[in-house]
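*Asks:* So TrEMBL has the following annotated:
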- Asp11, Ser12, Tyr43, Gly44, Asn75, Thr76, Thr185, His186: substrate binding site (BINDING)
- Cys74: active site, proton donor/acceptor (ACT_SITE)
- Cys184: active site, proton donor/acceptor (ACT_SITE)
Amino acid sequence: MQIIKKIGVFDSGVGGLTVLKSLIEEIGFEHIVYYGDTARVPYGNKDTQTIIKFSLEALEFFEKCDIDLLVVACNTASAHALKAMQAQSKIPVIGVIESGINALVQKKIPKDSNILVIATQATVTSGNYERCLIDMGYNNITSIATNLFVSLVEERIFNGNVVNTVFKYYFPAELKPQVIILGCTHFPLLIDALRNHFGKETIFVHSGEAIATFLQQKFNIKPNNANLVEFFASDNTKKLKATAKEWLQEGSYKIFNINQTFL
Ligand code: DGL
């Protein structure tokens with residue numbers, strides 16, 4: 001099996017940095033190319049054809065980067081465009097949905113557990129998480145599109161009155177999930193607030209952690225703590241750099257380059 005040394009991480013914007021963080025902290029790579037389509041984010045309120053078009057353009061960009069494997073960190077792109085990307089790619093393209101479901105199995109979550117999937121509107125509408133969960137024998141599933149969570153995180157509002165009001169807006173009082181699948185790149189940053197709302201015993205599935213485990217199980221990866229990250233954004237590279245500084249552990253990675261791509 002080929003040794004994976006250089007990977008690409010694709011997201012609709014800055015949210016995929018939560019996945020990048022897990023890949024750096026839990027595995028470590030020689031070289032990582034991160035591309036966020038910040039000019040066209042959010043993908044979560046777009047329709048399938050648009051999400052496929054943007055994701056295939058991202059794939060075209062990554063083709064020039066000489067990577068060994070591409071991680072689609074964006075749940076919305078994973079839900080709608082993964083098959084189209086895989087069909088056109090010469091290298092493995094891995095989405096976050098299969099690995100998220102795999103994490104449930106690994107955590108030995110009982111099949112009758114009350115599972116809540118929270119994601120963007122487009123991810124929920126795709127029905128992808130539900131289908132995969134049902135295929136694995138889980139049958140007690142509630143899916144809620146919580147698009148406003150993306151804006152909260154982008155505004156750095158992680159707790160407090162605004163967050164509690166938004167939670168009340170989306171979550172009926174009787175909702176008592178045992179497991180929450182964080183089906184969006186941004187949602188891990190709301191985990192403390194979600195835990196306060198639903199209780200300490202709630203089990204969370206985080207796309208970044210799940211995909212790190214999945215890659216280690218399925219691919220021949222030689223961990224390397226160089227973590228030279230080359231960042232690309234289709235708009236506002238300054239915001240991407242500032243967010244990386246805020247969300248990623250200082251010293252865990254080195255910025256190799258920050259570039260703007262032109263659509
Ligand atoms: N990255 C997207 C996801 O994980 C959230 C932001 C967007 O809507 O593009 O679904």
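Backbone N, Cα and C atoms are what each Cβ position is placed from, and that goes for glycine too.
Relative to the rest of the structure, where do these features sit?
*Replies:* Other Cβ atoms within 10 Å of the Cβ of Ser12 (substrate binding site) number 28 in total over all chains. Secondary structure at Ser12 (substrate binding site), as computed by DSSP, is coil.
The secondary structure of Cys74 (active site, proton donor/acceptor), as reduced to three states from DSSP, is coil rather than helix or strand.
All chains included, 29 other C-beta atoms sit within 10 angstroms of the C-beta of Cys184 (active site, proton donor/acceptor).
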*Asks:* Say we define neighbours as other CB atoms within 10 Å of the CB. Which of the binding-site residues Asn75, Thr76, Thr185 has the fewest?
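*Replies:* Checked Asn75, Thr76, Thr185; of these binding-site residues, fewest Cβ neighbours within 10 Å: Thr185.
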*Asks:* Output, ordered by sequence, the same-chain residues six or more apart from Gly44 (substrate binding site) with a CB under 8 Å from its CB, or 'none'.
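*Replies:* Residues satisfying the criterion: Ser12, Thr76, Ala119, Thr120, Gln121, Ala122, Thr123, Asn147, Val150, Cys184.
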*Asks:* Do any residues at least six apart in sequence from Asp11 (substrate binding site), in the same chain, have a Cβ closer than 8 Å to its Cβ, and if so which, in order?
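*Replies:* Asp11 (substrate binding site) has long-range Cβ partners Leu17, Val19, Tyr34, Tyr35, Gly36, Asp37, Ala73, Cys74, Ala77, Thr185.
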*Asks:* How many Å separate the two farthest-apart Cα atoms among the substrate-binding residues Asp11, Ser12, Tyr43, Gly44, Asn75, Thr76, Thr185, His186?
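*Replies:* Maximum Cα-Cα distance: 13 Å.
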*Asks:* When a 10 Å sphere is centred on the Cβ of Cys74 (active site, proton donor/acceptor), how many other Cβ atoms does it contain?
*Replies:* 35
